[in-house]
Structure formats: C-alpha cells, structure tokens
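For 1-23, the entry in Swiss-Prot reads signal peptide. Summarising the annotation, Swiss-Prot assigns disulfide bond to Cys27-Cys38, Cys55-Cys154, Cys129-Cys146 and lists sequence analysis as the type of evidence. For 34-155, the entry in Swiss-Prot reads domain 'C-type lectin'. Look at Swiss-Prot and you will find Asn35 tagged as N-linked glycosylation site. Per Swiss-Prot, Ca(2+) binding site is recorded for Glu127, Asn142, Asp143, and the stated evidence type is similarity to another entry.
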Amino acid sequence: MRRFIFMSLGLLVLAFSLSGIGANQNCPSGWFPHNISCYKLFTERKNWDQAQRTCMEEQENGQLASITDADTAVKLSNKLSGNWNFFDIWFGLSLSKTRGFWLWPDGSMVTFTNWGKGEPNNFWDMESCAALTAASGYLSWNDKNCGLLHYFICQTQSRGG
C-alpha cells in the first residue's frame, strides 16, 4: 500500500511538472504566447495595409498587434529586441482620418500609449500608422508613413483564451 501511494504521488508530481512543458500549446506553431493572445514577428517588409492583410490571412481573428498595457509593451520589447535591432516594426495602431484619433484594428480606443519623445508628430501630415522603434529596443512608438516597408507583428487569440 505504501509503495502504491508513493508511486501515485510520484506520477502526480510528474504530471504537474509536464503540464508546464509546451506552455504555448494554445498558440499556432511559430507564435509565442502572452496573456490570452499569441504573437508572431514577420520578417517580410510590407507597408501597414499589406501587413494587416497578411495578419488576417495568416490566422482566423489575426490582426496587427494591439499593445494595450505596459506589461504587453515590455513583453513584446523583450521578445523582439532579442531577435532584431535594426528595422522598425509595424503594430496595429493607426490614425483614423475620419475620426481624427488613434484606433486599434478592432476599432477600440487607445487607453495606453508609449510614444517616443515628440511623437506622434504627423510629420508633413503623412504619418498615420504606428511602429515600434528599433532605436528604443522596440519599447517606444513612432508615427510613420503607412506606405513605408517594415517588419510587422501579428496577434491572434490563443486557443485557450
């Protein structure tokens, strides 16, 4: 009986320890998890509209990433700065020409920002898309011309979220 209890406890401990392996099992292959979302960096250079379209085609409910809090900003910065440090990266923030303020791809209002110093400046009235800046380690944001070609980061909901 003692041996049975000991073996049962051992198997239980093993099961719990293995449950943490493959923690991104709720994300598609090649995507990394954070909170209830999955993210993927695309290293093809596209303009903002092409990047958004690629995100939508890549995954159901896919879109350019929304950075809605400091925790997500830091997580993405840490993940991205470990891989790339010379190209800015499109994410999902864009200036609504009709409404005159910044919106996420799903149309929701911005409640958290991390603009770089002096940004957004809408330089020459031609900057209505946002990018994570390489110079800041992908932590701060810069408004840019939507037609420029950059890497981009997509987001989708995790299967468990």
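Backbone N, Cα and C atoms are what each Cβ position is placed from, and that goes for glycine too.
Other C-beta atoms found within 10 angstroms of the C-beta of Asp143 (Ca(2+) binding site) number 22, with every protein chain shown included. Confidence in the domain 'C-type lectin' (34-155), given as mean pLDDT, stands at 93.
If you draw a 10 Å sphere around the CB of Cys27 (disulfide bond), it holds 23 other CB atoms from the protein chains shown. Summary: among the recorded positions (Asn35, Asn142), the fewest other C-beta atoms within 10 A of the C-beta are counted at Asn35. Its own atom aside, the Cβ of Cys154 (disulfide bond) has 25 Cβ atoms within 10 angstroms in the protein chains shown. Spacing of Cys55 (disulfide bond) relative to Asp143 (Ca(2+) binding site) is 20 Å (Cα to Cα, whole number). Looking at Cys154 (disulfide bond) and Glu127 (Ca(2+) binding site), their Cα atoms lie 20 Å from each other. Apart from Glu127, Asn142, Asp143, the Ca(2+) site neighbourhood in this chain, defined by C-beta within 8 angstroms of the site C-beta centre, holds Glu119, Pro120, Asn121, Asn122, Phe123, Ser128, Cys129, Ala130, Ala131, Trp141, Lys144, Asn145. Taking Cys146 (disulfide bond) as the reference point, the recorded positions whose C-alpha atoms are within 10 Å of its C-alpha, out of Cys27, Asn35, Cys38, Glu127, are Glu127.
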